[in-house]
Structures are given as C-alpha cells and as structure tokens.
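*Asks:* TrEMBL feature annotations, pasted as is:
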type	residues	note
DOMAIN	13-248	domain 'Sulfotransferase'
BINDING	Lys22, Gly23, Gly24, Thr25, Arg26, Arg103, Ser111, Lys228, Gly229, Arg230, Thr231, His232	3'-phosphoadenylyl sulfate binding site
ACT_SITE	Lys22	active site, for sulfotransferase activity
DISULFID	Cys211-Cys223	disulfide bond
Amino acid sequence: APGPARPGTKRLPRAIVVGVKKGGTRAVLEFIRVHPEVRALGTEPHFFDRNYHRGLEWYRSLMPRTLDSQITVEKTPSYFVTKEAPRRIFNMSRDTKLIVVVRNPVTRAISDYTQTLSKKPDIPTFEGLTFRNRSLGLVDTSWNAIRIGMYAVHLESWLQYFPLSQIHFVSGEKLITDPAGEMGKVQDFLGIKRVITDKHFYFNKTKGFPCLKKSEGNGLPRCLGKSKGRTHVQIDPEVIEQLRDFYRPYNIKFYETVGQDFRWE
C-alpha cells in the first residue's frame with residue numbers, strides 16, 4: 001500500500017546553484033540542504049541546458065515537496081557556461097537567486113582534467129590540450145576545461161538579465177578552509193536564519209576537505225563521494241605559470257565586476 005502522501009507542494013526553485021563545474025557546487029548543495037528551511041534536488045536536472053524542450057511542468061515534477069516556509073534549490077554547474085541559461089531562468093522567474101561557486105581557474109582546469117582522465121585514460125596530456133601553440137604561449141580557449149575558468153566572459157551573459165545583487169559568489173577555496181563562514185553568507189543571501197555553523201563541520205584529513213557531522217534526514221556523518229578530493233595530476237610548473245598569465249586579465253576583470261578579490265594570484 002502506498003505510504004502517506006508527503007506534505008507540501010512541488011515548486012519551481014527559488015534559488016539555483018548555476019556553476020561552476022569542479023568549483024565546489026556539490027559541497028554547497030550538501031551543506032545547504034542540512035537547513036530545515038531548504039529542500040534540494042539531489043541530482044542535476046540539466047533543465048536549462050539539455051532538457052529545456054521538456055517544459056517547466058516536467059522540471060517542476062522533479063522537485064522535492066516543500067512547505068510554504070521552505071525554499072527549493074537545484075544545482076547544475078553547466079548552466080554558468082550555457083549561453084541560453086540566463087534568459088531561460090529569467091523567463092521562469094526574474095526573482096531567481098543564483099549561486100556561483102568559483103575557484104582558482106588553473107586548479108579548476110586541472111581538477112576538470114583529472115576527472116575526465118579517470119573516465120577516459122587515453123586522452124591527450126593536459127599540456128597537449130591546453131595549448132594551440134605552447135612555444136608561442138597560445139592557449140586553446142575552445143577546450144572546455146580552459147573556457148569554463150574565463151569567469152568574466154560568462155558572467156556578462158548573466159548580467160544582461162540579472163542584477164549583481166541576485167548573484168552570490170562562493171569562494172571554492174574558503175569553502176574548504178572556512179565552510180561555516182562561506183555557508184553563513186549563503187544563508188544570508190537566501191534570506192534564511194544562520195542555522196549551519198561551525199558545529200556542523202569537521203575536517204577530514206584523508207580527503208583534505210570538510211565533511212558534515214550530520215547529514216540531512218539522519219544523524220550520520222556525510223562526506224562527499226569518492227570522486228571528490230581526487231589527487232590531481234602532476235603538471236609542469238611552467239605550464240601552470242603560463243596558465244596563470246593567461247587567466248590574470250580575466251581574473252582581474254572578474255574581481256572588478258563582482259567587487260570581490262578571490263586572491264588567485
């Protein structure tokens with residue numbers, strides 16, 4: 001026999017974690033869903049990039065049930081680099097709150113490559129994919145792992161539809177060193193009480209990042225899956241230096257636009 005119907009209503013999300021891949025989006029989602037006023041969709045629906053043709057009702061049907069006092073949240077990190085996503089989200093609701101988790105674009109690219117390599121061991125080297133011409137220092141911006149980290153470029157599309165006040169930037173680095181501080185700002189941005197604090201976290205030395213002492217719905221500790229905290233591939237320091245030079249102007253423009261220095265230099 002079916003169990004009792006769950007209370008609440010399926011609603012379109014009021015907040016979306018729109019990016020970026022390998023920035024710390026899963027951590028933000030897992031941390032914020034501990035909050036009693038937040039209900040989050042666990043999987044990435046990819047509605048505003050791959051499944052838009054299915055319509056808003058399909059999208060709504062995926063959402064968890066919420067009470068009037070709760071906020072629905074979803075996360076799909078590829079939205080940030082999808083040209084159509086800002087307009088599509090705006091058309092759903094111009095009041096949608098957007099969360100972007102960013103980290104040093106060089107480490108982000110290496111992390112991205114490391115993840116791909118674990119699935120496709122025969123791909124070219126990081127160096128081979130990074131440069132169109134290494135001796136001239138020409139970086140291949142068509143490679144997704146490089147392109148994603150050009151945050152200032154992607155942000156322009158979002159600012160055509162949403163004011164900066166509706167976009168909150170989380171530092172992927174601070175999410176590791178000070179998870180409670182970063183999540184405090186996320187809770188403020190969402191307009192909910194600061195419930196998630198230092199007492200929710202402990203540092204997992206093996207993984208090298210914070211874990212939750214208790215996860216949503218049960219009293220067990222919760223660490224992110226084995227795909228998180230992988231040891232990065234060793235990259236030639238000279239390649240890293242060239243990439244830092246490449247990203248510097250984009251980083252500076254990004255800091256100036258959002259009014260926040262992420263200290264990636």
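The chain as shown is numbered from 1 upward.
Just so it is clear, glycine is given a Cβ too, placed from its N, Cα and C backbone atoms.
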*Asks:* Looking only at Cys211, Cys223, which of these disulfide-bonded residues has the biggest number of Cβ atoms within 10 Å around its Cβ?
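*Replies:* Per the Cβ count within 10 Å, the most buried is Cys211.
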*Asks:* Measuring Cα to Cα, how many Å separate Cys211 (disulfide bond) from Ser111 (3'-phosphoadenylyl sulfate binding site)?
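*Replies:* With the alpha carbons as reference points, the distance is 19 Å.
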*Asks:* Could you measure between Lys22 (3'-phosphoadenylyl sulfate binding site) and Cys223 (disulfide bond) for me? Cα positions, answer in whole angstrom.
*Replies:* 16
*Asks:* Express the distance between the Cα positions of Arg26 (3'-phosphoadenylyl sulfate binding site) and Cys223 (disulfide bond) as a whole number of Å.
*Replies:* 11
*Asks:* Where's the emptiest Cβ shell within 10 Å among the binding-site residues Lys22, Arg26?
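*Replies:* Per-residue Cβ counts within 10 Å for the binding-site residues Lys22, Arg26 bottom out at Arg26.
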*Asks:* Only counting partners 6 or more residues apart, tell me which same-chain residues put their Cβ under 8 Å from the Cβ of Ser111 (3'-phosphoadenylyl sulfate binding site).
*Replies:* Lys22, Arg230, His232
*Asks:* Could you state the CA-to-CA distance between Gly24 (3'-phosphoadenylyl sulfate binding site) and Cys223 (disulfide bond) to the nearest Å?
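*Replies:* Spelling it out, the Cα of Gly24 (3'-phosphoadenylyl sulfate binding site) and the Cα of Cys223 (disulfide bond) are 13 Å apart.
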*Asks:* Looking only at Cβ atoms, how many others are within 10 Å of the one on Thr231 (3'-phosphoadenylyl sulfate binding site)?
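*Replies:* Taking all protein chains shown, Thr231 (3'-phosphoadenylyl sulfate binding site) has 7 Cβ neighbours within 10 Å.
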*Asks:* Hey, how far is Thr231 (3'-phosphoadenylyl sulfate binding site) from Cys223 (disulfide bond), Cα to Cα, in Å?
*Replies:* 16
